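Here is what Swiss-Prot records for this protein:
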- 127-311: domain 'ATP-grasp' (DOMAIN)
- 153-209: ATP binding site (BINDING)
- Glu282, Asn284: Mg(2+) binding site (BINDING)
Amino acid sequence: MAKIKNVAIQMDHVSGINIAGDSTFAISLEAQARGYRLFHYTPERLSMRDGKIYATVEQMELRDIKGDHFSLSEPERVDLSTMDVIHLRQDPPFDMAYITSTHLLERIHPKTLVVNDPAWVRNSPEKIFVTEFADLMPKTLITKDVSEIARFRNEMGDIILKPLYGNGGAGVFHSARDDRNFSSLLEMFGQMFREPYIAQEYLPDVRKGDKRILLVDGEPVGAINRVPAENDARSNMHAGGRPEPTELTAREQEICRRIGPALRERGFLFVGIDVIGDYMTEINVTSPTGIREVRKFGGADVASLLWDAIEKKRDAQDF
């Protein structure tokens with residue numbers, strides 16, 4: 001049995017989070033309640049020297065009090081292999097800085113259990129991983145070829161155009177067949193993004209909400225429905241979407257059954273998927289949100305279920 005004592009959280013700085021809706025805070029608060037020592041560091045404090053992985057960390061104490069939610073000790077440099085668990089929880093963009101951190105953390109995983117598995121996080125970008133389940137998705141095009149995008153829009157009518165590696169609803173546009181700004185939109189994307197873009201058929205069901213379903217070790221444990229603002233195509237809570245309680249439909253349960261084995265095979269202990277109507281649009285493996293909202297609406301204590309799964313995983317390890 002590999003008992004957990006020390007837990008490091010690689011995250012955006014704790015001073016900047018909104019504790020009312022932050023899943024990293026919920027995960028960390030549950031770890032603290034279980035008696036683990038918490039260590040906080042931001043991605044830029046991660047380093048490798050002579051083959052060993054270090055970070056400049058602060059021991060962290062949390063309080064569920066707005067405006068007074070954390071205390072940090074003096075910084076110290078530690079060998080991250082001395083940690084039992086590390087949570088990879090900084091927000092995207094999924095850029096080379098993010099990818100580099102997965103390469104470094106891969107050096108100490110799984111002896112130090114990194115959640116989620118850093119190699120598979122690197123190899124499973126949210127908007128690309130989901131295409132492995134093409135029959136569960138809306139019609140989708142990934143390209144930077146503007147003629148292909150124009151052809152796709154002519155076939156689909158209304159489309160959604162978004163950056164391939166964005167997050168939080170940033171850069172998401174709804175373009176109708178007769179949109180006179182379409183050429184300008186493609187020009188803007190060409191100036192802003194070096195990578196291909198993703199275009200998807202517009203799903204009118206988004207007006208009823210975009211469902212975020214949370215899975216722990218491949219099993220659904222909670223969900224919220226995110227309803228977009230009246231004049232916005234985006235339902236992300238970062239973009240003004242309104243969360244509301246919900247239950248899983250038979251179709252959504254089927255989607256979870258289909259993807260569960262792939263999540264477990266890749267070591268994804270905590271995942272959030274997005275579903276509009278009958279279609280899955282993303283599999284979020286970097287820093288899924290929604291834990292506090294699920295709990296607020298009377299759903300499961302997802303943070304507790306996640307730590308149960310982590311403890312089970314550690315117990316199965318034999319070092």
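Just so you know, glycine gets a Cβ as well, placed from its N, Cα and C.
Features per Swiss-Prot, on structure.
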residue : record              : DSSP (3 states)
Arg153  : ATP binding site    : helix
Leu161  : ATP binding site    : strand
Gly169  : ATP binding site    : coil
Arg177  : ATP binding site    : coil
Leu185  : ATP binding site    : helix
Phe193  : ATP binding site    : coil
Glu201  : ATP binding site    : strand
Gly209  : ATP binding site    : coil
Glu282  : Mg(2+) binding site : strand
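Taking the Cβ of Glu282 (Mg(2+) binding site) as centre and 10 Å as the limit, one finds 20 other Cβ atoms among all the protein chains shown. Counting other CB atoms no more than 10 Å from each candidate's CB, the binding-site residues Leu161, Leu185 peak at Leu161.
Cα-Cα distance from Glu201 (ATP binding site) to Asn284 (Mg(2+) binding site): 20 Å (rounded to the nearest whole number). Between the C-alpha atoms of Phe193 (ATP binding site) and Glu282 (Mg(2+) binding site), the distance comes to 20 Å. When the Cα atoms are compared, Asn284 (Mg(2+) binding site) and Leu161 (ATP binding site) turn out to be 18 Å apart. Closest in space to Glu282 (Mg(2+) binding site), of the binding-site residues given as Arg153, Gly169, Arg177, Leu185, Gly209, is Gly169, taking the CA atom of each residue. Neighbour density for Asn284 (Mg(2+) binding site): within 10 A of its CB lie 22 other CB atoms from the protein chains shown. Neighbour density for Phe193 (ATP binding site): within 10 A of its CB lie 16 other CB atoms from the protein chains shown.
Each of the binding-site residues Arg153, Arg177 was scored by how many other Cβ atoms lie within 10 Å of its Cβ, and the smallest score goes to Arg177. Cβ-based neighbour count (10 Å, all protein chains) for Gly209 (ATP binding site) stands at 21.
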